[in-house]
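Undergrad: Encoded as structure tokens, here's the structure I'll be asking about.
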RNA sequence: GGCCCCAUCGUCUAACGGCUCAGGACAUCAGGUUCUCAUCCUGAAAAUCCGGGUUCGAAUCCCAGUGGGGUCACCA
């Protein structure tokens, strides 16, 4: 049996795209489900777009999601060793490629072209860029393992793509084929946006080798707002942005795995290990999913609620870069854990534990001072400062004074926290301590 | 415009061509629990794009249409 080998091959432009994370996850799962190898390959062949430190950042972020690779390659280093030049030479010798000395065009400015056959293809140049000499009227096809169907082109619709640039670096088309062959990749999984250039790769594969990896194109993730491919300008597209908003890596990974893949039993919560175990290539979707943040919010809340206090404590401490005392975070967490959907929300919900709040008197209603005076008396007269006694004495005084329970606690809540929406107030009082609570109530009564 | 992909509740999706007046989850709405807010529990509303075929039977197969997406660089 052949060892399964997959790869994730991003270009290091700074941040990891959410779709990239998903592609990496699926590739990882295909390999690991069968105890295969997962390879990370950095495609940095565009000298104009090199970003300092991007490769390291990419590696770090993948590790945070547990997507660990077995082998690592950098294309620019392979370029120095001449792998791509040799492949290009071979293609020219075979008559499947030719040198071209035309001025490079920029499609963004010039629009799409109708000219598929390059004017240099019969000029017999011996230097310049190398382009593929696409044959006329030949059918090329492959079986897509995502869509589970044959996809077919006529080469009359395929253009003479550049393989080697005049700076000696390969384009994606050449590099991807050479590397996937050299690295003995068995399954290529990539985004749907690559589907249209697949016939070029199919031709190169057939010229360079008698074997070809399986190929599959995962759906594009569409924006929930626009229904179009996620765009950097309008949408949050980078993994780093989501982490910064307070989403947990495990939740984000879980959410993204279900955009374009589903198990037969409709299960929704998967750890990475569970996903690898459950992964089935038949579970891929054909239609492009829209990215709706609501479900991610729910899922993130699920993960936060499931988290151990000790783990969550460190995550929140790190998230706020040490801005809050770690032990105190730990004490408040049992009270706030099931009330937040993102780490970032810890601040607005639990901030009053760390800093005396500004209390807006407009929040109060009714005869709140009377309520507070009674509460103050109870607190100060309490012999044993524990939840049971506190609760009992407060309830007794409510009954004794014929207060409305809700009104009483609301007054207390606002005085202590500055908000109408808070964790349970008696438990919060215990965390804050009697002295602090007494001071806060007195301050309002002044 | 050419080429390619796609089409089940608002969203993510399930359903060997028959066990389906289409199931689950999120979101929404209504109840319950509760000192607020959450959590938790109950319930409701909500979909097979439109036509044609094939078949005893179609969400499922086929053909057109319509709609959506992608792509057409010496960027990946």
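Cβ atoms are placed via backbone N, Cα and C, with glycine included.
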Undergrad: From the ranges A:224-228, A:229-233, A:234-238, grab the one TrEMBL calls motif ''KMSKS' region'.
TA: A:229-233
Undergrad: Which bits of the chain, at least 6 residues beyond where the motif ''HIGH' region' (A:10-20) starts or stops, bring a Cβ under 8 A of a Cβ in it?
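TA: Apart from its flanks, the motif ''HIGH' region' (A:10-20) reaches 42-44, 46, 49-51, 54-55, 57-58, 61-62, 191, 220-221, 230, 236-242, 256, 291.
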Undergrad: Tally the residues of the motif ''HIGH' region' (A:10-20) by DSSP class, grouping H, G and I as helix, E and B as strand, and everything else as coil.
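TA: Helix/strand/coil tally for the motif ''HIGH' region' (A:10-20): 3 helix, 1 strand, 7 coil.
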Undergrad: Can you check how the pLDDT averages out over the motif ''KMSKS' region' (A:229-233)?
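TA: A mean pLDDT of 87 is what the model gives the motif ''KMSKS' region' (A:229-233).
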